[in-house]
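These notes concern the structure reproduced below.
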6 protein chains.
Amino acid sequence: MHQPVDSLATPRFTGPRTFARLPYVPTLDGVEAAVFGLPWDGGTSFRAGARFGPEAIRSASALLRPYNPDQRVQVFGAVSTIDHGDAPTVPGYIERTLPRLQDFVGSIAAAGVVSFGMGGDHSVTLAELRALAAVHGPLGVVHLDAHSDLWDRYFDLPYNHGTVFRRAIEEGVVDPGRMVQAGLRGSLYAPEDEALAADLGLEAIPWRELAGLSPEAFADRARARVGTGPCFFSFDVDLVDPAFCPGTGTPECGGPTSFQALELVRALHGIDFRGFDVVEVSPPYDGPGQQTALLAATVLYEMLALHARGRADGSAADRRIAATGVGELDDVARRP
Amino acid sequence: MHQPVDSLATPRFTGPRTFARLPYVPTLDGVEAAVFGLPWDGGTSFRAGARFGPEAIRSASALLRPYNPDQRVQVFGAVSTIDHGDAPTVPGYIERTLPRLQDFVGSIAAAGVVSFGMGGDHSVTLAELRALAAVHGPLGVVHLDAHSDLWDRYFDLPYNHGTVFRRAIEEGVVDPGRMVQAGLRGSLYAPEDEALAADLGLEAIPWRELAGLSPEAFADRARARVGTGPCFFSFDVDLVDPAFCPGTGTPECGGPTSFQALELVRALHGIDFRGFDVVEVSPPYDGPGQQTALLAATVLYEMLALHARGRADGSAADRRIAATGVGELDDVARRP
Amino acid sequence: MHQPVDSLATPRFTGPRTFARLPYVPTLDGVEAAVFGLPWDGGTSFRAGARFGPEAIRSASALLRPYNPDQRVQVFGAVSTIDHGDAPTVPGYIERTLPRLQDFVGSIAAAGVVSFGMGGDHSVTLAELRALAAVHGPLGVVHLDAHSDLWDRYFDLPYNHGTVFRRAIEEGVVDPGRMVQAGLRGSLYAPEDEALAADLGLEAIPWRELAGLSPEAFADRARARVGTGPCFFSFDVDLVDPAFCPGTGTPECGGPTSFQALELVRALHGIDFRGFDVVEVSPPYDGPGQQTALLAATVLYEMLALHARGRADGSAADRRIAATGVGELDDVARRP
Amino acid sequence: MHQPVDSLATPRFTGPRTFARLPYVPTLDGVEAAVFGLPWDGGTSFRAGARFGPEAIRSASALLRPYNPDQRVQVFGAVSTIDHGDAPTVPGYIERTLPRLQDFVGSIAAAGVVSFGMGGDHSVTLAELRALAAVHGPLGVVHLDAHSDLWDRYFDLPYNHGTVFRRAIEEGVVDPGRMVQAGLRGSLYAPEDEALAADLGLEAIPWRELAGLSPEAFADRARARVGTGPCFFSFDVDLVDPAFCPGTGTPECGGPTSFQALELVRALHGIDFRGFDVVEVSPPYDGPGQQTALLAATVLYEMLALHARGRADGSAADRRIAATGVGELDDVARRP
Amino acid sequence: MHQPVDSLATPRFTGPRTFARLPYVPTLDGVEAAVFGLPWDGGTSFRAGARFGPEAIRSASALLRPYNPDQRVQVFGAVSTIDHGDAPTVPGYIERTLPRLQDFVGSIAAAGVVSFGMGGDHSVTLAELRALAAVHGPLGVVHLDAHSDLWDRYFDLPYNHGTVFRRAIEEGVVDPGRMVQAGLRGSLYAPEDEALAADLGLEAIPWRELAGLSPEAFADRARARVGTGPCFFSFDVDLVDPAFCPGTGTPECGGPTSFQALELVRALHGIDFRGFDVVEVSPPYDGPGQQTALLAATVLYEMLALHARGRADGSAADRRIAATGVGELDDVARRP
Amino acid sequence: MHQPVDSLATPRFTGPRTFARLPYVPTLDGVEAAVFGLPWDGGTSFRAGARFGPEAIRSASALLRPYNPDQRVQVFGAVSTIDHGDAPTVPGYIERTLPRLQDFVGSIAAAGVVSFGMGGDHSVTLAELRALAAVHGPLGVVHLDAHSDLWDRYFDLPYNHGTVFRRAIEEGVVDPGRMVQAGLRGSLYAPEDEALAADLGLEAIPWRELAGLSPEAFADRARARVGTGPCFFSFDVDLVDPAFCPGTGTPECGGPTSFQALELVRALHGIDFRGFDVVEVSPPYDGPGQQTALLAATVLYEMLALHARGRADGSAADRRIAATGVGELDDVARRP
């Protein structure tokens, strides 16, 4: 059972930084959940810097402790969790980078390990979706973000952080009928941009609407949308207002507080997530107090708790087997 | 028709910074809305730095896109809008600076162009009000701010960022019967300070009260107050809590979030604003993520949208003509 | 009557920094309220830096004015208030430092002066509680914080910022039956940590629950808990979300806004507080705009207002005399 | 004659930022020297951010005045100089970006205008060299840098900021027999790396050796090496110690001071430079005082002075015609 | 005898910040040397912020100890030295501010106390010179700066930080025949600017020349120039390269290191300085490590040491009496 | 053979941060050189923060490559080197912390592995010296620092960062006859402080004197002093001027440049160093470009190169055996 170093025994500021002081383990035996970095910012249209996102999230995550009182679940110590290191990238070459990211995540998925990615700009999510869909089939998606990331092209080229979900749908790795995105706000190119989600067949909830929903109401809607099949959960930190997450590439003013954002995440239990990511952390634009990295680490921790809850009550695993029949025996067998 | 460079064709981080990537145009032909800077911080009583406010707002505004989904209006492309550069100032000499600012804004107003000023400390607003009143007559005012700016003197002298609206009322360029200020909070010199607004004949809504109003309720109250005559809208970024706007000269803790503040602005449609400003952006105190400048740019964008809405439905222009009869023929004729 | 320099006569950025531009007075004659620093960060488990907390709070406090409109009370000018300087500390030696802090605060308490401490990490509160209990007997406590600070030991040693209230209860300087803590959130070591408060006999309100209470409802509950005896009020700035207070040692995402936090403080009138502190301000992690220090200064100002209200209506003083009979005659006699 | 706005008439902090307050001119008529940005950081192997280099250099350059006393030459007012805006780039696609940069610079070169590029990471120089060689033939090069940028591949791919001069030599756009690089220092992959320059036929002067040369001795050596043919001058700000240039992608400790670096630049008169660049300015890593951007602006200003000196004495132009016979008639004719 | 708090007894980070932990004393009895602030930035032509210079210098000066080994003199404990607080200013009104500064410094000079001013932008020096000349007659001046500050007008107005020494000469408070300025560098408006010093009758040593002089050679030249009469020593921190002093209003790249600058100051013994200042410290542009403020504090400390040396050997006082006959009996009598 | 990850294969910004991308290895088999952190700042008298020094040095060290051209030696790949993690500490309890640090270093020394410590404030060096002396006997010391660290007590207590070498000499773990310290500067408490080194029997070279020595002359003097016995090399980053190392606890202006400092280190070959450290890196005071951490990483790299040179030519190992006869057979046998 992999778990963090005990912070009552040695101070939190001690030792090479891994996520939540978990062991760095380059292999996957005996592992149920793997946290890893996707250090890439070549797909960003404005501020770069997200290649250092994983380093910053690891640094801030030293404050995390094993038990999550909001979700009432033991996160570390109950689920064997590791820091799996970072995927390789090739600065300047997005089309060379995506397959490398995909291979890295693919080996995790193939081992039946649930993946928790630390971005990196949002273009990395395409690689994760490709890798997971190869193992689990087309994925449902819960996507929290200020931007839809459904644009077609920038500068006449297909891959970047604003086109990732359109590409994923076109490639069939995401099932738009089982996808919901929420938190959308900010200026657009044209009125038609508001129709992008509907045109592509997915559900979109603008922040203006989301602001009026309770976390449970939102979660019910998300659960109804994504159903019981295998899913992915992607959290772009620019969902949150720039006061809480200044360290990001394309901030949008006027979003939720961190409390509102965390409550949305915590409410999303009971979904069969096979992979998660938190993206768009750009440390050079963060404050000296690293609030963006700290929130990203906390969101990841809540995601780990969602997974731990699913395991604890068994219901998610059961639904998973019933619904997909893919790789589930291994998945269950792997558990002690 | 002046409009921004297309950010789907060249990246947003390209080119000399103008507001929202609009063309810098020193003349006013064919222009309906002019954004400009008022680079002055000689009137501030605490932190200086606002002379660089226009530069920072321009830098952050590169993220703005043409269509505003919150107000459901095309902002750029529908209204011919330019960056008109900055007004001249004289560091150290506030009484020399105010007339120069006034001349600059006056030429915009005289051309029938709606003015959008980027401050600069709040003392610049006096120059704007003088310039606009010279063209439009005494103005109604909507003033969002943590401070009333109604004090009489500091250090026994009349002009600075805390006395601007008292001076404007005394000079007759603002009609206090058509002025409302909202968001007031923070410590005062004495209990009598709370009566300043009433003594001067304007309406004041403290933040404590505003916090309990819906944006529409506030807007209704503002509309009722300012009536159908020509108005000015001044937004001091210290209205917003310092977590959202740390980069300002006299921050006051415990204010609205940026979402609350933007909703207040968006609600103020249907008023005949002839000029707008966003003031007190002091970049050296902003965070590395420039959240203050970004919010100021967004507020200005919402103001541009208010103007675009007014034009789109025609009703504002109609009301303008009916109510004031000043300069309106030119105003209408100017439009293509 | 000690009161601040007049900021309408000389600018706020003038002169050596003391709290709110109050005179620095090393003696206690004619003093009713003493603000002072506790420059210590040897008890922090993560980020250090709070030894510079008092300097930063003093710097930011220059913006405070004498009248508090939220509590409708004259703070300065009505209560004779000073900046009493800083307590001595011994870097690296927490067990040598605590008695020095205690002596410093003890001399204030012995003089019948109400104490307002600026931290420093939370371990300083143990010294304050010891000092005040020596004069007033066991204290009731209102404690606003993201953390319970009820752990037993770190690294097998008893004194640090996470054990302070357990130690105080064990030592009998705090009466757990008259103690309430609120705002708790963030990950824990184990589910049993949630029971720490109950085990020790005090009342704990997690942030999740507090978020649903009105300030007055919270204050009623606090008043009911602490009763009419002498009390202490401790405010850890990590109560507030890191967007508002990034400059702190162990930030926890997802907390209240500064407006919410200030409203909680303002509601706590009518309690017989003999001492107050604001702790865990770590300036090197604050933003360039110093928002953490500014909020800490504002919280301290609201505490001074609570005290001024108590004095103004006489009821608190009356209750004090009735309830404790300790030192009250001197206390009353001291007032002009 | 294009020249800057007069800073004795309007303050330096006024107006949209262009290089040295020069006019932004998108055309090239009547222009002799064009300053422009190359906003790209997709080729950097460590810290990104240089896409904002042109913005930062423009911002800092507001401090530049027209006369250069170190080189005793009038820079602005004597040579018609503009800010020509920025070249387009495609984030994430280095092989798509290089041709766009090349086209932009090519049009300047084709117009007989001397080019002054603001980077951007060093990979942009390959595009500049291609563009200039297309007009002027193979170029001599003076290259000041902590790194040789002669590596073959990173991550098995050919284009990035560490391979630029090897590629340029392989492509024949640089004549290694007329190239000198100086300032090299810092750790290497293997001892053979020290032989890279010799293997490729160019001259390399490590910082350890350069530190012992007077600026004139260095310049004599450079002049001897590059001869009288058309040349390019590339200055990577990481030449200078990180105390002076912290805002860069791959800093190397232990380099020259800014005074030493500027003296090297000033000494390089009498060379027939057809293009110049200053690269690797990464603003998010710069200090609040923007010292890196300021030094980059100053280096560019010294380069403009080198050009102005060449024109003033006529000798460079004469040598140009004698030595290359390429495009010189146009070049001379172009001058008023 | 006023002297600092002992930092072996209480930590340096303790207590309200005064210069070097000296007592804050608003009166002048028993005082020989008075350090004070001139919090003003209304005269700056580029970056503001120097109004907070005194606060930052005080903060950094906590590191200073009583004995100066470079000058081999006891600074504190031998000379009765105080922090005298700050002069009043009026933001926005330079012509109202200068007399207030002058009155403040004048009272110090009138008491026979040597004055040590902390700026503030350089325009404050005009007030100091007026005040000291009123007591001591026309002053000799040693002026270390990157800029001559001899311009006539900016924006057609007479007072700002670039015109101070021309005004002082015109007013007769400085004797140009006894003035030397050194360290000049950076771009100018026109070649004639290089002749400004000669035209006005003072001696100017550009940095290019100063860089080749030993500190003693420079000091000999300065001593020869200023003679034995009463003098003023003004140090603008932009003398030093921006790597050492980023926190300043108009930085110039390519200047001396801090070691070179301090050696110049230390060499200037044996001059009858009646006043000193260190100006142009702008904290919002300083690095997180406050290196500019620290250097300013150290320069001021070296100035205090120059004064202490003069007193220790008696020669300066003797020369003073012989040369001027002004106020010297009081000056001597004042000493214990 | 342990060596770093290849940065031509995966980018430098990839993976959990260890020193120079070396493997983190908690055991010592097959190891010759161990780099480790000493995360402690409880002994600092001014600014805290050095507990995060190891994290920052690791982060910056990603730029280091295997071959050192200045010392002409292969550093990585030739000597089996690891990142050994961090020693445990107890915040607030210096007397509890020192033994834990000592045990950690002692186990390295006992294994015959050369130790390279990353501080942490300078008090950690006492633990290192105790640990190494227990294995190797009393040590010679080369100490580069702005401060002598020979004071007796602060606040009447024995252990902190200013007393470390006095304690070490008193305890007999350092032989003052074989110790030299250099770089001393800055103000002192009294003239007698200059005699501290002589009184204790060690040699001290002030920066003023060191500035006039060539690196080789200094190294010759150091070699003559420390002789052929086992030695320790301690480098306090405040040796270097604050422009280069702002991120430190007690900066002193007017020191060497980073180039000068590195040259001093590189010259110290041929000494039998058994341990090294670089201390006083305080990241919260470093610039955004991390120049302090980068210089500390580079100094450590030069120390590793000194060790590699010693091994390469065999002479140091030979001298070691001849001179001490302690543990050398194991040491030699351990090598492949």
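The count begins at 1 with the first shown residue.
Every residue gets a Cβ built from N, Cα and C, even glycine.
All TrEMBL annotations are machine predictions without curation.
Residues F:Asp145, F:His147, F:Asp149, F:Asp236, F:Asp238 are recorded by TrEMBL as Mn(2+) binders, and the candidate that the same record lists for that site, out of F:His122, F:His269, is F:His122. Taking the centre of the Cβ atoms of F:His122, F:Asp145, F:His147, F:Asp149, F:Asp236, F:Asp238 as the Mn(2+) site, the nearby residues of that chain (Cβ within 8 Å, site residues left out) are F:His143, F:Ala146, F:Ser148, F:His161, F:Leu239, F:Thr250, F:Val279, F:Glu280.
Listed binding-site residues: F:His122, F:His147; maximum Cβ neighbour count within 10 Å falls on F:His122. Just so you know, the Cβ of F:Asp238 (Mn(2+) binding site) picks up 28 other Cβ atoms within 10 Å once every protein chain is counted.
Secondary structure at F:Asp145 (Mn(2+) binding site), taken from DSSP and collapsed to helix, strand or coil, is coil. Remark: F:Asp145 (Mn(2+) binding site) has F:His122, F:Gln181, F:Ala182, F:Gly183, F:Leu184, F:Ser234, F:Phe235, F:Asp236, F:Asp238, F:Leu239 as non-local neighbours, by Cβ distance under 8 Å and separation of at least 6 in sequence. Highest local Cβ density among the binding-site residues F:Asp149, F:Asp236 belongs to F:Asp236, counted as other Cβ atoms within 10 Å over all protein chains shown. According to DSSP, F:Asp238 (Mn(2+) binding site) sits within a helical segment.
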